[in-house]
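S.K.: What follows is a structure written as structure tokens; I'll ask about it next.
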Amino acid sequence: ALPVCQSYEIPTVVGIFSAFGLVFSVSLFAWICCQRKSSKSNKTPPYKFVHVLKGVDIYPENLNSKKKFGADDKSEAKNKSAMPKNSLHLDLEKRDLNGNFPKTTTKMQGFPDLENSSPKHFAERKKDSVSPDSLKSIASLSSEDKQDKLGTLFFSLEYNFEKKAFVVNIKEARGLPAMDEQSMTSDPYIKMTILPEKKHKVKTRVLRKTLDPAFDETFTFYGIPYSQIQDLTLHFMVLSFDRFSRDDVIGEVLIPLAGIELSEGRLLMDREIIKRNVRKSSGRGELLVSLCYQSTTNTLTVVVLKARHLPKSDVSGLSDPYVKVNLYHAKKRISKKKTHVKKCTPNAVFNELFVFDIPCEGLDDISIEFLVLDSDRGSRNEVIGRLTLGSSAEGTGGEHWKEICEYPRRQIAKWHMLCDG
């Protein structure tokens, strides 16, 4: 009987040891995974807008370099050794809560060639960058014009023939006006667009509470042949960030690249910031909409059909319009819809249908608002024109609304002139 008992005890002991070993292995594996996850999260920057930081190419040649900002110490050392002298190195851990880099007393990073260039060469290069017409206009400024000055923008242009890349460095701006009347300062940033196609749009980070922002940010645009540089125009829009409303436009700078020679190297330039070319209130364009009121289901069908003769939203003369539709009940917005964006056209065809549920009987307290906006990836979208339909609306808006109330279940379409946004 003794050998039989021992034969039952041996498998039991083996099972107990196997269970303990399995629990230990699972615990160890879970601990290793947690350690890796925590270390990885510490190395990953907490910002998504890395494409607008200093010296970062917005169109990188190698899109698979996921460890660009999360590499270990060894890879960072290799990158430093392989990095050219004129490139910028970012230490993302030294940024503050706003994503800005602290000011240092080190040498200027955006223009390394200035260290080896003589003052005479710098003066000659800068004279070449300013046209004679601009010098005459600056010299003819009166005392009243000086009071209306909006500041000066400093930047540099360069073309890399090896990589076929166009490089723009936004250095700084000086003497900006104060857009905040309480603090008598601004929160400036710059939005840059390459015209006329508007395919390349970038913007700098926002610098808080300063009238002399030093951005020193480099943007590299790949795939632009040097032969096409002369046909391009740079449009700089200087804005001040506003947390509670639309950002304030300080001014703009327009740089046609025709006649600018970039074959000799980096070109330093500065231009006076001028007031934005504000569009006239007349000629905001027209919008064709169709409405139908279903009294049985108490729904309102809205079809946004076409827009025509839309004004240009910027110096390129091209807009990317779309329509936002807001439904109001007793002056309170209860629903909103929007169409798709139509690229680069003043005469857009939408043909999009929306159905709104009406919360009350009849359309007495109901009104509908159409906002035609210009889609802009770099900043907040600008209102091109506005149209309101309702019982209290004037002109064609009131007439159209009266017709759909008198003839329910009938789709009625009309053209309407857009008013100021």
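Numbering starts at 1 and runs along the chain as displayed.
Cβ from N, Cα, C; glycine included.
What TrEMBL says about a protein is an automatic prediction, not a curated fact.
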S.K.: Quick one: which of 69-89, 132-152 does TrEMBL have down as region 'Disordered'?
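M.R.: When 69-89, 132-152 are checked in TrEMBL, region 'Disordered' belongs to 69-89.
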S.K.: Give me the mean pLDDT over the domain 'C2' (283-416), rounded to a whole number.
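M.R.: Across the domain 'C2' (283-416), the average pLDDT comes out at 89.
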S.K.: By DSSP, how many residues in the domain 'C2' (283-416) are helix, how many strand, and how many coil?
M.R.: 11 helix, 67 strand, 56 coil
